[in-house]
Structure formats: structure tokens, C-alpha cells
Amino acid sequence: MVVEETIKATSTEDLSNTIANQNPRGRGGDEDEELEEGEIVGDDDLDSSNLSAAIVHQPHPLEHSWTFWFDNPSAKSKQATWGASIRPIYTFSTVEEFWSVYNNIHHPSKLALRADLYCFKHKIEPKWEDPVCANGGKWTVNFSRGKSDNGWLYTLLAMIGEQFDCGDEICGAVVNVRSGQDKISIWTKNASNEAAQASIGKQWKEFLDYNDSIGFIFHEDAKKFDRHAKNKYSV
């Protein structure tokens, strides 16, 4: 289990303090502007030797390992099958590795339109077809275009810091960059477990200090009805 003082947050204020205390480069800011639009990370930035040099001698292990995935918008049109262009970026298992990776990838406001950035538990692919995700669903929060950076970071911290009471139900999260808005979704395992899904949705809103209603859609419905799928739960 992660060391308690490393990532411990029950409110937006606590998460903000976590950012200030643990992020070796503060809040991220403009340091990543040198990357080209739509690019996730330079070839050298995530070299294992560079990451190792940035990690302190006494790392703080997370309860689960997590993998960042990226779906490049420029590659989507070249793929006939949905999800074929999604590729893993890096798997991390400590707090220090998380910040090393997070500080070397574009945040949502810097990503190109139609880009998708995922963070899922290791060995779970961010696809409906993955056996762990197949019977699940997702909660979604909408943000104005370019305004989801903090929401994305707070979501990541809550997930990897095991802040959800029903955290075992969580597969991962994704931020979708679209024209006019950004969407952040949390994917879960068992959509029919209404109590667990409601718990996750309510706690997520608390972590984000988000007051509007949010909805939960079954993956099975999303596959059948696409954008016309209706919410099964709301909080």
C-alpha cells in the first residue's frame, strides 16, 4: 500500500497540497510546451535510464502498477479497427515514477483534437473487449475545452492513491479531447453493481469538487447505441 503521507486526499484542497508537496516540478505548468502539438513525449524523455536518475533512493510503492496509453489522432484515420491505434506509453509502480512520467507528457490542454490519453491498471487494456472491462461501464465528467488539466490530475491522484472505497472496481480513466469540450471518464468492472458504481461516482465528484449531475453508461449499451446510449445511473 502506498505510504499514507505520499498520496492521501479526501478533498480538492488535500489534493492540491499533495501536488505541491510531491510534484518535483510543481504543478507542471508550461514546461511541456516544447513538445509538438499532439505529441505525448519525446523518444528520449521516457528512456528508462533517464527515469531511473529522477527516482529517489527510497521510492514510495503504489498498491497497483498503472500504465499510460495514448491514442494518437493522426493515426486513427489509418486504422480500420477501433482501438488499433492505442499504444502503451509507460508503466509505473511508485509515486516517483508517476511524477517522472506525468511531467514529461502533454496535459490535456496541450493535446491535439481527437487525442485520447488513458491511465489503466497494469495488464488491463483500455478497450471494451478486455475481459476485465467487458461487463463494465463508465462515469463521465465534461469540461470546457482546455479546462480539464486539474480534473485529470485529481482523478489520477485519487485512483493511484487508492482514495475510492470501491477502488477494486476501477479499471482506469481516460481523457478525451474533442472540439468544444474535454471528457474525463472512469471505467469500472461490474456495471450491474449499482451500489459500487454509485459510491465511485459520488466520491469522484467530491474529489473534483464537481457539483453537476454525472451519468454512468454500460459499455454494452455504448457498443449497441454509440452516442445514443442512455445513462443507467446518475449522481
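Here the Cβ of each residue, glycine as well, is placed from N, Cα and C on the backbone.
Per Swiss-Prot, region 'Disordered' is recorded for 1-36. Here Swiss-Prot flags 8-24 as compositional bias 'Polar residues'. Marked as region 'EIF4G-binding' by Swiss-Prot: 60-63, 70-106, 154-163. What Swiss-Prot lists as mRNA binding site is 78-83, Lys110, 128-129, 178-183, 223-227, and the listing cites similarity to another entry. Annotation comment: Swiss-Prot describes Cys133-Cys171 as disulfide bond.
Everything Swiss-Prot records as a feature, shown here on the structure.
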{"residue": "Lys110", "record": "mRNA binding site", "CB count, 10 Å": "21"}
{"residue": "Cys133", "record": "disulfide bond", "CB count, 10 Å": "22"}
{"residue": "Cys171", "record": "disulfide bond", "CB count, 10 Å": "21"}
{"residue": "Arg178", "record": "mRNA binding site", "CB count, 10 Å": "13"}
{"residue": "Gln181", "record": "mRNA binding site", "CB count, 10 Å": "14"}
{"residue": "Lys223", "record": "mRNA binding site", "CB count, 10 Å": "12"}
{"residue": "Asp226", "record": "mRNA binding site", "CB count, 10 Å": "8"}
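Residue counts for the region 'EIF4G-binding' (60-63) under DSSP (helix as H, G, I; strand as E, B; rest coil) come to 0 helix, 3 strand, 1 coil. Nearest in space to Cys133 (disulfide bond), taking C-alpha to C-alpha distance over the binding-site residues Lys110, Arg178, Gln181, Lys223, is Lys223. Cα separation, Lys223 (mRNA binding site) to Cys171 (disulfide bond), rounded: 18 Å. Helix, strand and coil counts from DSSP across the region 'EIF4G-binding' (154-163) read 7 helix, 0 strand, 3 coil. Here the C-alpha separation of Asp226 (mRNA binding site) and Cys171 (disulfide bond) works out to 21 Å. Under the three-state DSSP scheme, Asp226 (mRNA binding site) falls in the helix class. When pLDDT is averaged over the region 'EIF4G-binding' (60-63), the result is 97.
According to DSSP, Arg178 (mRNA binding site) sits within a strand segment.
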